[in-house]
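Everything on this sheet refers to the single structure shown next.
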Amino acid sequence: ENVTFTVNVTNPSLTCSAIYNLTDTLPAELTTTDTTEWINVNIAPNTTQTYTITAAANTTDCMNISNIANLTYENNTGTVNKDANASVNILCKCDIIILKNGTPSAASCGENVTYTITIINPCDYTAYSISLQDFVPEPIIAKSSTTQKISKLVPNSTYIWTIDTTVRAKELQECVVNVVNMTYWVFEKGNWTQRNGTANATTCLNCTDVCASTLNVNKTANVSMASYGDIVKFTINITNIGNHVATNVIINDILPPELQNLTETNILISELQPGQTTAIEILAKVISNNTKNITNIANVEWFDAYTKATYNRSANAAVEINTRLINVLISGTVFNDTNSNGVQDAGENGISGVSVSADGMTAITDENGNYKFIISIPYNTSKKLNVTVQEISGMSNTSPGTVEVEVNETSNATANFGFTKGLSFNISVSSTTASGMNLSSSWLCYGEEVRFYITVENTDNTENLYNVTITDILPDGLAAISSTNGTIALLQPGDEYLKLVKAKVNTTEDKVVTNKIVIEFFDQYGKKYTQEIEILLHINNNCSASTQGNGNVTVTTFYDRNLDGDIQTSEVTLSNIYVEINGTTKKGSAYSTSGYTDNDGNLKFIGVPYGNYTINSVYITTNGDTLNASADIVINSTADIYEILFGFKEGTICKSGIGGKVFDDQNNNGVYDTGDKEFENASVSYNAIDGSGGGTKLTNVTGDYLFYVVEPGKYNVSLYIGSIHKAGKTNTTPLEVEVIVHNCSEIIGVDFGVDPPASDNNGVTGVTVTVRSMSSQDTNQSSDTSQQQTKNSGRTTTTQFRQTYSQSDNQNTNNTTIESTPENNSAGSASNTDSTNTNINQTQQQYQQNNSSTGQAIITIISTGTSTSETSGTSTTSNNTGTNTSGTSTTSNNTGTNTSGTS
């Protein structure tokens, strides 16, 4: 919109003229093309000069702005400056635009005129419930509805509505105006506001013909919106604007199904004289509770005796029906059901802080365990919905966790949920063939033995499991060769019960069957727990047990410090490394299995069917990168034992380390505790056990040292006691300790204690040393070795593949522990054929260099063999206290690879 500013300059002097400069400064929100600056203007005495500036607002923001005019001139005192200003409010109100035109703009009797109403929303808000009412002037008769409802009009959109009319007049020459009124609602500043608008179109009539009787029919409703049960009144106004009598006027009001008529809707009027008007009222009740727009139509028919013809007209009125809502209540209690009967009894308290959900809403129980929802539903309806309670850790449900309730206008709903302290247990089932092949990736053949290992473990800290029953329901195609039922009366916390079920395939039919295992037990209250496990098995008629072939694969992962693809004495294995086998069996079936290496870096795949495979291993570096290693193998009848070495090395420096404290062990207990002091500048060293690397550091003021960025491996950490410059000090802990750094994010702690002279204490006691000896393969065996080395983004993986031609699949790992004591001297031996740990007590003669020093050493030797092996070890330990411990142990087992180790 435009605003005009007027600037008046007046010279009040009666005798003197003046010369002035005038500058009008418009704010940025106004734009003009007029002149805003006048220079060296002469003004006569006692006169006024006027300037006008017209500007347009160029913003839709609401604000008050000022236009400033500056006047400067000279007088006998010097230069004079004067300002004048005028303020204008810019309104941000934006209205819906309504436009209307009629086509043609001039018409004769009997001609049709179409009026087009255009609604435009140029604003940034949505207009709702737009009502349009068109007032067609006589003698123009509407042939279509003159009311219209628009539910909403979004920003920057347009709506177009047309009304068809006919001119009915006799010898009439004048212009008539057709007006349309509009109302609508907007939500602004937190409130609903109704606004309106109007538009019109002019039609000029040039009627010289004689027209028949003409009835103008108009229909309105007393409300624009209504809800279920409301009464709506429709008014039908009928006017004879013609020159002849209309007879047998029949009004038929057609109600939509959402309305029920309360008055007669078929009405007969005998006649209507020219110029006569009649009004008919129709009452209807809203019987629908669904939101929608409805239209009530009135049809009017009459006979004109002058033209001997029957005519008809119709009119309608629209009403918007809104759903009537009522509030209903859903409530209940979450409680501690101590007797597990599903009902809240006296003394059973509510549980607070539990989440309950219904109809997309969530409530939290209060201190009494109560919750409630207030929801809205349509009037005169009912609604079913589910109420669900969250699981409570350590507790189990005594009632369903989800309850369906139904609410209506007269009935609320209640849903209670009981919980009791739950039992903690674990049930697992593994299934293999007799050869150890996992059933999830194998085909079963006629006559083949199947084994199911069913384990029930009581992992609860306090509660017992009673009458544990295992029932294996074998499918058709498997015949039991052992008992399929197992029972144990009591399973205490921490105990487990294992049931082995054996069966044989007794069919050659090719099919998939399901083995169903049912486990049942009771708690102390007699509550029954049941769990079912189903295992799918594939029986193939194209094979037999005699033609099945398989091999075993052992994968070892290690940190390859020197990138030679083999495990050196200073290198360590990597545990929890993912390994997978993928490929195709000899029979053409896809085969896949996977797992993670154990604490010794090994993963053994037993019973892999003959075929061609790729073995992949994945190592995640310290910074989250991925290293991959792979090897291709062929498993066939001539070789069924395979060894794969996967070596990894991080390209970035490992952030692991070795650190600890050197302290003055005041109480001679070998532990840094209260009262102990620290030694500064004590010299501590670490060295790889194969001499490939190391370093030395001095402790700081708090006695601490740290060798950072140490790669995974085996190291000796030692204290140079001579670096502690106090006479007579002796060590209370070993001066040298072997440590193992397992990964690139590990800090190994080693403390060294030093105490007063030996005469003041009892010497070194309770020393524990752990030695792991590495096994070697028999060089007389035939082997095929290949090595791969891949560098990727500064990181390296190495792979070594050993294939041993032996029909034995008894590839075992034997752990032997030797405990030695200084009082006795004896020898012991053990044999191991099935990966069993054996303890051997062996007495060793200990030579004492210092009578005041006694000690005990525990030496652990771990040997690994792959076929027939013998293991022997000799160990000697010494320290500066004067105590020597030596021991020799011999272990034999029924495999054939010689292994020796000395520590």
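Glycine too: its Cβ is placed from the backbone N, Cα and C atoms.
Marked as domain 'DUF11' by TrEMBL: 215-316. For 333-403, 658-721, the entry in TrEMBL reads domain 'SD-repeat containing protein B'. Per TrEMBL, the feature region 'Disordered' maps to 773-838, 865-903. TrEMBL lists 773-793, 803-817, 824-838 with the feature compositional bias 'Low complexity'.
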How many of the residues that make up the domain 'DUF11' (215-316) does DSSP mark as helix, as strand and as coil? 0 helix, 70 strand, 32 coil
In this predicted model, what is the average pLDDT of the domain 'SD-repeat containing protein B' (333-403)? 91
Would you list the DSSP helix, strand and coil counts for the residues of the domain 'SD-repeat containing protein B' (333-403)? 0 helix, 35 strand, 36 coil
Provide the three-state DSSP residue tally for the domain 'SD-repeat containing protein B' (658-721): helix first, then strand, then coil. 1 helix, 33 strand, 30 coil
